[in-house]
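Summarising the annotation, TrEMBL assigns active site, proton donor to Glu184, Glu427. Taken from TrEMBL, the feature active site covers Asp316, Glu449. Summarising the annotation, TrEMBL assigns Ca(2+) binding site to Thr533. The disulfide bond annotation in TrEMBL covers Cys381-Cys413.
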Amino acid sequence: MARRSSSSSSSGAWRYLNPAYYLKRPKRLALLFFVFVAATFAFWDRQSLVSEYESEISRLENEINQLHGQLRKAGVHLDENPVSSEMLRKDLAEIDPINTERREKVKEAMLHAWNSYVKYAWGMDELQPQSKNGVNSFGGLGATLVDSLDTLYIMGLKDEFQKARDWVAESLSFDKDYDASVFETTIRVVGGLLSAYDMSGDKVFLEKAKDIADRLLPAWDTTSGIPFNSINLAHGRAHNFGWTNGDSILADSGTEQLEFIALSQRTGDPKYQLKAENVIRQLQKIYPSDGLLPIYINPHSGTSSYSTITFGAMGDSFYEYLLKVWIQGNKTESVKHYRQMWETSMEGLISLTKKTTPSNYSYICEKTGGSLSDKMDELACFAPGMLALGASGYGPEKAKQIMNLAEELARTCYNFYQSTPTKLAGENYYFHPGQDMNVGTSWNILRPETVESLMYLWRLTGNKTYQDWGWDIFQAFEKNSRIESGYVGLRDVNSGEKDDKMQSFFLAETLKYLYLLFSPPSVISFDEWVFNTEAHPLRIAPIHDSKGHSTDIATPVVRLFGRKQGKQG
């Protein structure tokens, strides 16, 4: 068939746009008018249908969430969260394209970190990216792998999660002639395994968590019940670190409650919970009126030793767990004493706060005896998030005061980052009149505390400034810490000199909190999950009896799309 020339085809088409063509043909004019009216009604009808569809979806989703909550309280669990991490309403989910893009960038960073670990340090505790090899910083327990399980799961990295799961099942052994930190092993390994179990429902994780917890338990066999902080995993010999002069550390002794209570709930064996909660009962006996305990506790007498009071290293997560065990326990009468102790301690925290000049930054001092030190660790930057999380438990006026303090402290912590040439925070800061803040120890080891607080504050206030601040920090990590074979810390945040360690908590915490900062709040909802101090979410168990006790948990499948002494590399 011969093709029409472009000119004849064009002239034929143009005649339908000439009004005279229709004036000479009234029937065709009427038909055109009819088509126009029909199309107009169809358009508005479609818009109306879309609006009705969106409204109906919202209504149904609210009903599903309400029913889910009622079922959970009754002890009945669904196979799936009513709103998944990628959200069920695919066509309406990506409301904020900026957050979507940022979330994907964080996910890509996780893949880069994970793939580097797989390539150069598979099965070892941590990657040394510049040396391109692994190091067993925690006795060869696969710390980075176990720490990463729930992050992989939340981000929907199913193949990577399955590969890690298989290693846990086939290769993870705790029969090590190694003196392990009870604290680090609990928060990273027990916490990581329990979180993976809560999300996947795979019992291999629960079995491994029970195995390692059983090896840690003899550490609590002291005259006071305050645990020793180190134990040999093969032989069960427990002791304290030489540099503490025989004392136990406050944070190391008061940061196992979430994990051990959760383990008792999931296994039905109360021994873990009894050991961990006895520590709190012992500390209640010596609890001061300001709620501030020194960082050293004698494990034999159960009394405090003269030492520093701090919300930074060796003190921090003790206070965090007072609040979070109350949340884990459904805020019932049986855990009321945790909340009361926490509120007392928050009054103590307020008594330690000062403001800088000239910029009016709020900061938390350290205290020794009756003297305050104008020093704050970056580790203490978990406090804004903790305060924000606990604010709703107060009356309106006090809640506002606590939330205001949380926001002020978050501003300070963000500026720990912004005040250095690399835009990454140092390990601690000093405050002098007229100088605002000066970096003290100048390394950065990829810590998560500031972005952790930003995630809490964004979720609890809705203020997107916190997302922007988190994005600034993420970009600084990308610029200064990312190399071809993973992520490294900085020996000096002023010069940018790199170290040779990818901390396991970078994958467990820093990247997870950043991912959640740019995700809908329904992803790992605060109503159903509580984070341990290594950012491992533990499902809040339902209440099963009239006294408000949380008992055995029927774990669903969740289809979700140090403080830590981290050693410098």
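Using the three backbone atoms N, Cα and C, a Cβ is placed for every residue, glycine included.
TrEMBL entries are annotated by machine, without manual review.
Taking the Cα atom of each, Thr533 (Ca(2+) binding site) and Asp316 (active site) are about 10 angstrom apart. Rounded to the nearest whole angstrom, the C-alpha distance between Asp316 (active site) and Cys381 (disulfide bond) is 9.
Among the active-site residues Glu184, Glu427, Glu449, the ones whose Cα sits within 10 Å of the Cα of Cys381 (disulfide bond) are Glu449, in sequence order. Glu449 (active site) sits 9 Å from Cys413 (disulfide bond), counting Cα to Cα. The separation of Glu184 (active site, proton donor) from Glu427 (active site, proton donor), Cα to Cα, is 19 Å. Cys381 (disulfide bond) is surrounded by 29 other CB atoms, counting those within 10 A of its CB over all protein chains shown. Cβ neighbour density within 10 Å is lowest for Glu427 among the active-site residues Glu184, Asp316, Glu427, Glu449. Separating the Cα atoms of Glu184 (active site, proton donor) and Cys413 (disulfide bond) is a whole-number distance of 24 Å.
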